[in-house]
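**Q** One structure is given below, represented as structure tokens, and several questions about it will come after.
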Amino acid sequence: MNKLLKLIYSNKFFAVTTLLLQVAVIAAFIIGVSNNTRFYLLASNFISAVLILFEVNRHEETAFKITWIMLIAIVPIFGWFFYLYTHTGFISRDIMRSHAIARQQISKYRSDDTEIITEMEDNGISSSLVRYLSRAGGNPVYKNSDFKYYPIGEVMFEDMLDELRRAKDFIFMEFFIINHKSYMWKITESILEEKAQQGVDVRLMYDGMGCIALMPKNYDKVLERKGIKCQIFAPVQPLLSTYQNNRDHRKVLVVDGRCAFSGGINLADEYINKIVRFGHWKDTGLKVTGEAVKGFTEMFLTMWCTASSASDTDFERFLSASSSFPVYNGKGYIAPYCDSPLDNKPIGRNSYIDILNNAKDYVSIMTPYFVVDEGIFDAMSYAVTRGVDVKLILPGIPDKRIPYCLARSYYEDLFDIGVEVYEYTPGFVHAKTTVSDGKHAIVGTINYDYRSLYLHYECAAYISDSPAIKDIDADMIDTLSKCRRVTMAEYNELPWYYKFLGRVLRFIATLI
């Protein structure tokens, strides 16, 4: 039943349904309204023109505009319904209101990073990205912090469990996917239940769509009875709305304000190779300690209050917790940041572009999906033209065939501008990691695709001038040793229909 519900409320189901409606209407038009052809053509052209005019004047990425205009013009009825479905929704407005209120409340406790940014500039460290993150998203940069990089999910999960067992005050968890039958969740749940009984404030939030086939119905109520406060973000409802399209793709764990985890892994056994789905599962993540933990605490509380519309949260208690631990004197700067589809600020996208535009020697990227706009592609081209070595690592075994075909449709263009493309031979890359020049890195949940860059709630950490970045570089080198470099000759050997399909899919890439 859960799988059926997930199908019914998916974009694919809606697209197929409206397409069938289009066929039915066309059939009715041909059979029953042949005498009113002129009227229907005029009405169709008028409606299409109004929607196209509205779309042209929207503040939106050009690729989205082109897709919508083509859909509305070529398949009017399907295009109308699908466009209205993704651009309307009263529930979405409620979410926007709750999100704005939560951000406003938390902004009162936000750290002032002016002195830190000045310090970075005085030390000759690029501050362009931290200035942008602070001004555009209200995500300050921190010092007196440290981070540990995880090149694989298994090691990260063991450290997560260790920190959960040490919790004394509060536990905040936010995940896109939780499989209640998995080893990962069972052992995590037992610790959370034990901690709740000890008086620890335990809060869990998971995405309604990401978990629809993996968590039992009303499981949040089961957890509440165990003392675990639980919120389902955007639970699936029998109502078509943009609300269903913007998912909480973030992965955040904060313990006592002492440490925070983020990265690619969800709570399902494939993420730690407990089970094999698409060969070896390559994932990455990080653990942050020190003052920067406050940034992740702010992220969680913002989404918690957005989902629950709560106004009685003791923000000061949680946001001051990080300052109660010993000061870290580690070198480097960390800026935890989040991205929201509600503000028309593609912070994740612009962060990647900044890394590419400011790189001097190299940029190495790991991502499971590569479906990007002209901005990122042009930044790659600009970097290579300046002599920067740009390497892109993608899965050797895909988890989804359509996005994989789409990613490969970019290969020829990437080869033309000089980007080196590698496929991870042992299996599937789920990591979202970018590093440049041994000085700058981004680790988090943000894929190089339209869904992550524009439609989902995401999070990451930007790390600058930290000695631990060498661990990310080492992982990139090790991962590349397990990859094969894709060549133009190999791409040319792909079946013509496969390459043609990829080009066709580019037409609707913003919707996939």
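Backbone N, Cα and C define each Cβ position, glycine as well.
Sharing the features that TrEMBL gives for it:
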type	residues	note
TRANSMEM	12-33	transmembrane segment
TRANSMEM	39-56	transmembrane segment
TRANSMEM	68-86	transmembrane segment
DOMAIN	244-271	domain 'PLD phosphodiesterase'
DOMAIN	425-452	domain 'PLD phosphodiesterase'
**Q** Residues of the same chain, at least six outside the transmembrane segment (39-56), with any C-beta under 8 angstroms of its C-beta?
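**A** Distant Cβ neighbours of the transmembrane segment (39-56) are 29, 33, 65, 68-69, 72-73, 76, 79-80, 83.
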**Q** With Cβ-Cβ distances below 8 Å as the criterion, list the same-chain residues six or more beyond the ends of the domain 'PLD phosphodiesterase' (244-271) that contact it, or say none.
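**A** 9, 11, 86, 92, 95, 150, 153, 156-157, 159-160, 163-164, 166-179, 182-185, 188, 205-207, 209-210, 214, 233-234, 236-237, 277-278, 281, 283-289, 292-297, 299-300, 303, 318-322, 324-325, 336, 338, 341-342, 430-432, 443-445, 451-452, 455-461.
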**Q** On average, what pLDDT score does this prediction assign to the domain 'PLD phosphodiesterase' (425-452)?
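**A** Reported value for the domain 'PLD phosphodiesterase' (425-452) is a mean pLDDT of 98.
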